[in-house]
Amino acid sequence: VRFPEDLEDDNTTFNPEYSHQVFGDDEVAFGYKGLKILLYYIAGNLSTLFRIEYTSKVNEKFDCVEADDVESKIREIIPPGFCTNTDDFVSLLEKEVNFKPFGMLLHTYSVHNEEAGEDITYQIYKADMTCPGFREYHERLQTFLMWFIETASFIDVDDERWNYFLVFEKYNKDGATLFATVGYMTVYNYYVYPDKTRPRVSQMLILPPFQGEGHGAQLLETVHRYYMSSPTVLDITAEDPSENYVKLRDFVLVKLCQDLLCFSPGKLMQGFSQEMVMEAQQKLKINKQHTRRVYEILRLRATDMGDAEQSRSYRLDVKRRLIGPYKKKQRELAKMRRCLRPEELTNQLNQIDLNMQHEQLEESFQQLVSDYRRVLERLAQA
């Protein structure tokens, strides 16, 4: 909500992707007809208005059943101090002009908005719990995780090893410059013996109204650039990354790596090298596993897949990596041959069908190439 009229505007509304963390696996609230759970957030500081509406509710006296206590379920997520009536909320909205982003400005960029016919400015900040008011703001911000990240949990904000990176949109209201929350990322700094840290991305969310505009890539690249400048950082990883996050990371890392000398077309065609691992880690804080994916994407770009020899060389190179888990199975099988009785061995052999392995390998390769092509298409448009 930026303006009072937004309260009645369905265009500013977005629905949760997940509610099982609040309402169980069936995502059901029992005992109501026409139930609406309404959560309004002021765009900048995320002050909250919470209301429940329904046309009817089961009555315990007559129906011998009790409706779910929806209000208490929501109260477990949203921090105290929220509004329950519109007038209080609108009066808070009038004070929104005083809200300013927390922490240190890292990056400013603009995105062209077709609807508005103009460029809109966005800024990325790094904050921590010492910033006045940030703790309370973060309590409100993290409530979105429960609705948009499938296995979300709230973090221990008293642990000083957390870093917070925030994206804001700048907009004008009655001649004043205001800020709207776009999304954020939390990063935990793990200790690596003897004197390094390994930042690990924990949670990342771009709010639905801003998705598909490139903010995730801007945020991830800004965070990488922030840590790249630190001599104590070993490399940057992510905790249990989603499929979408991996695709985003592929794009950002390829964009960062493509101008490194070790990834020149001539060197790419010679195969994956220790030089690539060293340069990517030292200059860009990228680990070996991620560097390998970058190499495969950039080599695909340098490869003429219409040329039988180049295509075959690329396919074998990628499949040699993909076959790792299958090779492990083969080693386990060799051990079994030595240890198992014939009938037990036959049983195990039935589970390891070589034809099926080849099919799975080919399927994995084709899926990977398809994903890589999308990264290269996006890179060509960037």
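Positions of Cβ are set from backbone N, Cα and C atoms, glycine also.
The active site, proton donor/acceptor annotation in TrEMBL covers E239. There are 12 other CB atoms within 10 A of the CB of E239 (active site, proton donor/acceptor), with all protein chains counted.
DSSP states for the domain 'Histone acetyl transferase HAT1 N-terminal' (3-150), grouped as helix (H, G, I), strand (E, B) and coil, give 50 helix, 37 strand, 61 coil. What TrEMBL lists as domain 'Histone acetyl transferase HAT1 N-terminal' is 3-150.
Among the features that TrEMBL reports, domain 'Histone acetyltransferase type B catalytic subunit C-terminal' is placed at 249-300.
What TrEMBL records for W162 is site 'Interaction with histone H4 N-terminus'. Close to W162 (site 'Interaction with histone H4 N-terminus') in the fold, though at least 6 residues off in sequence, lie D128, M129, I155, D156, T186, V187, Y188, N189, each with a CB less than 8 Å from its CB.
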Model confidence over the domain 'Histone acetyltransferase type B catalytic subunit C-terminal' (249-300), as mean pLDDT, sits at 97
